[in-house]
């Protein structure tokens, strides 16, 4: 855990600090999105930035995702460092060509003669009955398509360091922040995402998972909101003498296979927890990587994810499909001898 | 208001007062359990709630000319339109409360109301109801039916590809579809002048060679007159129309919206003349006096109260129901025969 030092901050505050610092240091960084100026971002991702930087650099844009996200691609290819916010990851369908045929592929199609140094920030996740069109994480969708680095912070400390790195990166980075973790007044966050955050800028390299809790008996690999749910389950299981290691992936592309393998070699038991759809996704991918690299390492394996249905609205239905800490606890128990 | 009959005026008034009171009641129910610290996921109605107070005239004025066979697609702010279209109020309310007997058995919620009995659907994604409305109109044309389709959207949605592409598709095929822009000046926190050129949505029609109509105030009678012409044009096979109606956003974009971005004077503008009062004066002129209007209001309130009480008594869905309804048919499709034996199991060598 690398969150010592500094004062406590919410994840949104940490993000805003990173954006503000990069904008102060580099005139070519600017932010585009819907309701990012006067409102400060529906999920507080740009809270307070308008007063320092004005509408020219904290740009409210038409509800035309194809146009403004595509414009970010174009400005990035000119060497600027735009940050474009897609209000909900669910809205990706409106602008997918610009994301996966332009932003994600132009570097490769140009033989790396062109780079696209932009960040796509986007809000993800459910748990508040916003139903099928506003609750997805789509982690696997973005990570599946080559050409995008995919970042999913779970704490304020990570959020800041990863965002600094994202803005400075010469490649397109999709930075997916979970609404439930931001510390928004009207959507109370669980304990955990609010952490100590140093005042000064720092970067966290992509491809370095973080062991949020060390343990000897079973490895839980997860990300975003479910890092905190897994930690809650781990705390409960500790009372029963089950020692759980919790790995926060932090980035999906690149994926830190080494940290996962090292842990699994120690524990021999793996639980992968995702807030995305079960099939063709993160859980299967992580398990495959382990099995490919160390076919004999696993004595038991479980996975938890959304069971291949769109996210339902009613509370009992949504609770059924999004894994909670009890589900994680049960899955971990399943892996125990 | 020559062409609008007293019966139509009365019916629009009923729709509008029903919608207004319905949302007042929903607001009360929604806030239960969400105070003092507003928590969007708490209370009997969780999630986002987008209320349409101040928009009722567009719903009542246009839907006055529609039958159950006509299709309407609504955006994320759908209640007033659903009410005017004749969506089952009890089951819609049960859906909003997330109950098993709701329109979608609790799977959809307030932004995703579907009532096929009256051809009503909505989408929570801006402008994305436009292409399906065009499709409903296409189906009507192909089947030589007289039904029409109406797509509602906000003025914030007029720069979406889905809308602009739909205008073109409808225009080149002369499809019986009417696009209705509810212009409340604000796309959440963004004033229309900041994000749209020109800010008047009806002018988008010019570029797509179709009639564009702007109604400068939320006057249900004026909306009804314009809609009569647009719906008539569509039914007669003379193609689409784009309407834009100035309405007023009496609430935040969603419940919990602090609206700190919005000038106080703008928030108060709707009070200058409310659309329901405006229609009441038209009714007065047509001989429907305050006693009669009072009766209409009382009946509407009773219907709303009944719907809400009924909905709250309905059971919550069983958690396992979450796993149902992904498909209409079984995953295997409709095949009911065994595969032809000689082609099975040999890798296709016999083909």
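Backbone N, Cα and C atoms are what each Cβ position is placed from, and that goes for glycine too.
Per TrEMBL, the feature domain 'Dehydrogenase E1 component' maps to B:44-320.
The annotation region 'Disordered' is assigned in TrEMBL to B:254-351. The region 'Disordered' (B:254-351): residue composition by secondary structure is 51 helix, 0 strand, 47 coil, according to DSSP.
Among the features that TrEMBL reports, compositional bias 'Basic and acidic residues' is placed at B:259-281 (among others).
Away from its own ends, the compositional bias 'Basic and acidic residues' (B:294-315) comes close to residues 10, 13-14, 17-18, 21-22, 25-26, 29, 44, 89-90, 92-94, 96-97, 99-102 of its chain (Cβ-Cβ under 8 Å, at least six residues beyond either end). Taken from TrEMBL, the feature compositional bias 'Basic and acidic residues' applies to B:294-315 (among others).
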On the 0 to 100 scale, where does the mean pLDDT of the domain 'Dehydrogenase E1 component' (B:44-320) fall?
96
